[in-house]
There are 2 protein chains.
Amino acid sequence: MSKENDLIDEFNIIAKFFTPLTKNASGTFGLLEDAAVLPPISPQQEWVVTVDAIICNVHFLPNDPIELIARKALRVNLSDLAAMGATPYGYTLTIALRKNLPDSQCLLKKVSNGLTIDQAEFGIHLIGGDTVSTNGPMTLAITAFGIVHKGKLLRRSAAMPGQDLWISGTIGDGAFGLKVAKGMLSKQYLELVDRYRLPQPRISLGCRLSGIAAAVIDVSDGLIRDAQHIANQSNCRLVIDGSALPISESVSCIIADRSEMLKLILTGGDDYELLFTAAPDAITQIQQASYELEIPITRIGWVDSGKGVDVLDYNGTKLNLLAESGWSHF
Amino acid sequence: MSKENDLIDEFNIIAKFFTPLTKNASGTFGLLEDAAVLPPISPQQEWVVTVDAIICNVHFLPNDPIELIARKALRVNLSDLAAMGATPYGYTLTIALRKNLPDSQCLLKKVSNGLTIDQAEFGIHLIGGDTVSTNGPMTLAITAFGIVHKGKLLRRSAAMPGQDLWISGTIGDGAFGLKVAKGMLSKQYLELVDRYRLPQPRISLGCRLSGIAAAVIDVSDGLIRDAQHIANQSNCRLVIDGSALPISESVSCIIADRSEMLKLILTGGDDYELLFTAAPDAITQIQQASYELEIPITRIGWVDSGKGVDVLDYNGTKLNLLAESGWSHF
């Protein structure tokens, strides 16, 4: 009850920090209604909806800058839209904050500032939200909305034997960045922390892959684990050529010294690159997309008949993958 | 990482407890994709979106039955849709559960069971979701989707002087029910706990009020506070006749003994009744709706020029309202 805590009023919070994020878009009603209305889309388009929550100490560290936490919460959802080939439209935000937090106004201002930056970067706005108190860790739950042309939706289930397996960007940076942020690796690799804290959702690539790629997924839980999703849902086997994995210079330096960390490239999450399969004759289009969008895209394997995911080492020998092949929440 | 906790796998959880909730609806892809697709609607319709989270110890008590917690999480969102005049279509669910919870499978089964009951009751299904771990209290964040005919959307901002103020059902039961659940009131009023734990979203009434009511809101934060939202957003004054408030027999008995609890009727939340304004000549239609839907609807005041909310006592004297006029999270 307000008697128990007169620090901030939920509705002042909304007016001050969140209503500006709606950019007065039609249907958001300045966040003053019980609900919002999505704008009409053409009969040739569809709404795509995705939901992802991030929680302190699970998805981010207590010392991570608040602005970046908010932006990451948004970006992991935009990455899901990218993997479906959708163009982002907007999002709802549920934010749970500890009761009686002395600096909650300051914290919410930072959340709002972070989201403002990314709204401009991705051309989206806030649609609605809920601000609640908790006696647990800070939690941001986002539902993101995108639009896709009918028939252009990308799926995980479209891989077929004979296709190539590709990945955008470099892999492993997110997981190694987390280790640097935790002080488990030298600060000389500080730029990896940025990869962990502020992933780059591959929106433009996702849209471009419609009609080029077959199965697509974003690598959030770890390369092998996400590859397994494609394999399971396409009912085929993915073979990853371990020697072909695109890794950054920093990660390359780290594993040169500490080879026990090699498997982190395969199992670490938080990369938010697009992993996709495509017919062999799509190579020219993929290279063209890579060139125009200035995003490295690397062929890292192929699709075969069978089940599961195999990783081959430098000699073409199958690696013995352990049970722990990615991030699992429970 | 799964090495640290091999109890349950997130994807098994989804397949076991949540995929059945999609009812194989087109666009949900069995929850196996990065995102879901909303079905096409006619150009005469619009999508309405609302979001509400409920958190243990804030919105429900640790001992509340899990099935009812899940249903309440859904119902508070459906109540928001009702207040906009929308027909529910579906929802996304984010569930945050404590890590290493020994009975998490059992708990999730109960969540799923509860949602199954309400899905049948309201003709909706799960669209998508996220299952994450937390070191805090159990949290359920829901984004609900409804459909409304263009021009039929109900708003908080349409009240005008001269209109009557109405409310559905009885008021105060939710707040008194919470006190019974906490052991602060006699168990003889146990049926009030049901009102607290399992609110009845006024879906059919909300749809029916399109074209009859002017401003509408659902009473979640407390009668006065929610009346203030209508007053603020309609730029007028709401006058509540305290002697006209519809209260249940149980609440009537309680306040006969303990008059200091009277104000809880005005300020307690969790009723999820619809509070609305309507032109005086709408009375016949309102009575007809009340009769056909078998929902009591009571005229409890009127709209005047000015600002804010006034409550008159049995003598027509203005009550001195305290600052704490409803639920506030911070």
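Cβ from N, Cα, C; glycine included.
Look at TrEMBL and you will find A:33-148 tagged as domain 'PurM-like N-terminal'.
According to TrEMBL, the feature Mg(2+) 3 binding site maps to A:D34, A:D80, A:D218. A:D80 (Mg(2+) 3 binding site) falls within a helix when secondary structure is assigned with DSSP.
Listed in sequence order, A:N77, A:D80, A:L81, A:M84, A:T143, A:A144, A:G146 are the same-chain residues six or more apart from A:T50 (Mg(2+) 4 binding site) with CB atoms under 8 A from its CB. Sequence annotations record features per position, and here TrEMBL assigns Mg(2+) 4 binding site to A:D34, A:T50, A:D80.
If you look up TrEMBL, you'll see A:D52, A:D80 marked as Mg(2+) 2 binding site. Counting every protein chain shown, the Cβ of A:D52 (Mg(2+) 2 binding site) has 26 other Cβ atoms within 10 Å.
The Mg(2+) 1 binding site feature in TrEMBL is assigned to A:D52, A:D130.
When secondary structure is read from DSSP and collapsed to three states, A:H59 (substrate binding site) falls in the coil class. Over all protein chains present, the Cβ of A:H59 (substrate binding site) has 23 other Cβ atoms lying within 10 Å. What TrEMBL lists as substrate binding site is A:H59, A:D270, A:W327.
Following the DSSP three-state reduction, the secondary structure of A:S220 (ATP binding site) is coil. Residues or ranges marked as ATP binding site in TrEMBL: A:G129, A:D130, A:R156, A:S220.
The average pLDDT computed for the domain 'PurM-like C-terminal' (A:161-311) is 95. What TrEMBL lists as domain 'PurM-like C-terminal' is A:161-311.
All protein chains shown were included, and the count of other CB atoms within 10 Å of the CB of A:D221 (Mg(2+) 5 binding site) stands at 24. TrEMBL lists A:D221 with the feature Mg(2+) 5 binding site.
Residues of the domain 'PurM-like N-terminal' (A:33-148) grouped by DSSP class, helix first, strand second and coil last, total 37 helix, 47 strand, 32 coil.
Proximity to A:S220 (ATP binding site), defined by a C-alpha to C-alpha distance within 10 angstroms, is shown by the following binding-site residues from A:D34, A:D52, A:H59, A:D130, A:D270: A:D270. Ranked by Cα separation from A:G129 (ATP binding site), the binding-site residues A:D34, A:D52, A:D221, A:D270 are led by A:D34.
Measuring Cα to Cα from A:D221 (Mg(2+) 5 binding site), none of the binding-site residues A:D34, A:H59, A:D130 fall within 10 Å. Geometry remark: A:D52 (Mg(2+) 2 binding site) versus A:D130 (Mg(2+) 1 binding site), CA distance 15 Å.
Largest CA to CA distance in the ATP binding set (A:G129, A:D130, A:R156, A:S220): 31 Å, whole number. Applying an under-8 Å Cβ distance to chain B, the binding-site residues A:D34, A:T50, A:G129, A:D130, A:R156, A:S220 reduce to A:D34, A:T50, A:G129, A:D130, A:R156. Of A:D34, A:D130, A:D218, A:D270, all annotated as binding-site residues, the residue with the shortest Cα distance to A:R156 (ATP binding site) is A:D218.
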